Amino acid sequence: MAASLRHMAHFQKALLVARSAPRISTIVRATSTLNDGASKVPDHSMHFKLERLWAVGMLPILPASYFIHGPVMDAVLTVALTLHIHWGIHGVVYDYARPYVIGEAAAKAAHVGVYLITGLLLGALLHFNTNDVGITKAFELVFSL
């Protein structure tokens, strides 16, 4: 019993010394929050809404282009399709061709490639509209087969 009391006194003394000693690890209050990284990323919600509104706005253009032919409808359909395709490809590249996945140089090349494809598509459709029957007349010819 005497040994256990001696051990208890030794334990209490060690506990008091431990409480009065400086801490090895102290709590450091940081001024940052978990949302600091999120504030650096641009907000794409407005782009997403605009893309959806654009897709809904294209719904009446597609059937109307079957019945209305002319350079104005060709230009409207060309711009609408080009923007819609550009935003779709851009979204895929933005989501899947990130620098930490495929590398910095490949990610930049992928983003440049999106604009290159968009420019080529717009140029090809405008060339087709001016030097051939036009995109609306071409749709009518395809559907008449």
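Glycine is treated like the rest: Cβ placed from N, Cα and C.
Record features (Swiss-Prot):
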- 1-45: topological domain 'Mitochondrial matrix' (TOPO_DOM)
- 46-67: transmembrane segment (TRANSMEM)
- 68-74: topological domain 'Mitochondrial intermembrane' (TOPO_DOM)
- 75-95: transmembrane segment (TRANSMEM)
- H84: heme binding site (BINDING)
- Y96: ubiquinone binding site (BINDING)
- 96-108: topological domain 'Mitochondrial matrix' (TOPO_DOM)
- 109-129: transmembrane segment (TRANSMEM)
- 130-145: topological domain 'Mitochondrial intermembrane' (TOPO_DOM)
Other CB atoms, at most 10 A from the CB of H84 (heme binding site):
15
Per DSSP, how many helix, strand and coil residues does the topological domain 'Mitochondrial intermembrane' (130-145) have?
11 helix, 0 strand, 5 coil
Reported mean pLDDT - the topological domain 'Mitochondrial matrix' (96-108):
91
For the residue listed as 'ubiquinone binding site', which residues of its chain lie six or more apart in sequence with Cβ-Cβ distance below 8 Å?
none
Per DSSP, what is the helix/strand/coil residue tally across the topological domain 'Mitochondrial matrix' (96-108)?
10 helix, 0 strand, 3 coil
Can you tell me how the residues of the topological domain 'Mitochondrial intermembrane' (68-74) break down into helix, strand and coil by DSSP?
4 helix, 0 strand, 3 coil
By the DSSP assignment reduced to helix, strand and coil, which category contains H84 (heme binding site)?
helix
